[in-house]
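Trainee: Copying in the features that Swiss-Prot gives for the protein in this structure:
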type     : residues       : note
ACT_SITE : GLU205         : active site, proton acceptor
BINDING  : ASP173         : Zn(2+) 2 binding site
BINDING  : ASP173, GLU206 : Zn(2+) 1 binding site
SIGNAL   : 1-17           : signal peptide
Amino acid sequence: MRVFTLAPLALLPLVLARPSQRSSSPQKPIMADNGDLVMIPEGHEKSNLDEIIASSKLLSLHRSLSQIESISNNEGSVGDFLVEYLERHGFTVQKQAVPLDGHEVDEEERKPSRFNVYAYPASSPSPEIILTSHIDTVPPYIPYSLSLPPTASTGSSSIDRRAIHISGRGTVDAKASVACQIIATLSHLESNPDTPLGLLFVVSEETGGQGMHHFSNSPLNTSPPTFHTVIFGEPTESKLVSGHKGMLHFDVHVRGKPAHSGYPWLGRSAVSEILPILSKVDSLGDIPESEGGLPSSEKYGKTTLNIGVMEGGVATNVVPASASARVAVRLAGGTVTHAKETILAAVRSASKNPEDVHVSFSAGGAYPPVDLDSDVEGFDVMTVNYGTDVPNWDIHDHDLPDHGKVKRYLYGPGSIFVAHGENEGLSVGDMEDAVEGYARLIRAAVGRSERK
């Protein structure tokens, strides 16, 4: 698998004007949705970048979505915007209330103030093809902005509009996918109004997938499925993803005995106990499975582990009475049950005092590697290591023959390498190419409908 990253660019940041603002300077017409070069008067780059965004249905929708802060648990406003936008464009929209996540939310605040958005044309109340992505983002909120790489200027009076860089939280993950899916769907319905297309935008993907779980457990997730294709939107560099690694989380807790650090033999250090355990755990992806390691595969490579959080002790002059660590596992093969057994065996083998060690696996969110469909021509294909909402949607096709199973595709603009960073962003060209990519996937799915 080849991995492509965006080359660093010396960007000139520009503050975004409101969509209603326009340059008062005379200028030649701006080409918004076709033609790469845009003529601009010298010294007016900022106002003309705004004009390019405002004159494109795709880019203006993406801007509106990205300007609404929607960190997980705060998706209500972006949901309201989507409902209004989709209804205005002829969709029937259902709001599916989803309770807030997490212990940090007071019980009195747990009323459903956010919701999944499920939409379909009035003529197709039972979609056969569903495009889906998520509307929540990770923190912190970073305002939407535009910039023009120096290489995008072809002279004093023109720029390469496809190179315009769009930055801000959610511009990649995953509001780019949301905007591109909507525009591709609208475009297809303009010429094929009877195509049974549906849109599903969920909350809470970044914090465990409660939104998709909620949809999956609802009557909207029909059994057997009335749909035959689901197109998931995530940043995949506009490549079709043939699968992603599985996921497993666990905690290690060690109990020690406190004592004065001048007399450590009077106590038992929980930190000294946990260190060799974590060293063993950390190496499980590099140990052959036949020797007690976690599985690897030709498709996904090695299983990887990340010891993300460590805690222990209270002061340097106290022998630590407790220590703990939290670990994430990206599974490249095998089952969740086998992975748990392997981890428990490794912890036991590295423990000096096994009775003081406890391993707890997260109650939810564990799944093996997820294989996806990649049978549509015209795409580069790759695998990814990150998790998605794909396994959170339990599609009820388990008892169907292979030819009747639901196709699942994963595709979208932008790179995961910047998705959660302070430099999150993508180009106009990335967005426009992805609309065509989604359109190609829709056409392939329509062809499947016609063959049934």
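Placement of Cβ uses the backbone N, Cα and C atoms for every residue, glycine included.
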Trainee: So if I draw a 10 Å sphere around the Cβ of GLU205 (active site, proton acceptor), how many other Cβ atoms end up inside it?
Mentor: 26
Trainee: Go through ASP173, GLU206, our binding-site residues, and report the one whose Cβ sees the most other Cβ atoms within 10 Å.
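Mentor: That would be ASP173, with the highest Cβ count within 10 Å.
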Trainee: Calculate the distance in Å between the alpha carbons (Cα) of GLU206 (Zn(2+) 1 binding site) and ASP173 (Zn(2+) 2 binding site), and round it to a whole number.
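Mentor: A Cα-Cα distance of 10 Å.
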Trainee: At the level of the C-alpha atoms, what whole-angstrom distance separates the residue listed as 'active site, proton acceptor' and ASP173 (Zn(2+) 2 binding site)?
Mentor: 10
Trainee: Under DSSP, is the residue listed as 'Zn(2+) 2 binding site' helix, strand or coil?
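Mentor: It is coil.
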Trainee: Helix, strand or coil by DSSP: which one applies to GLU205 (active site, proton acceptor)?
Mentor: helix
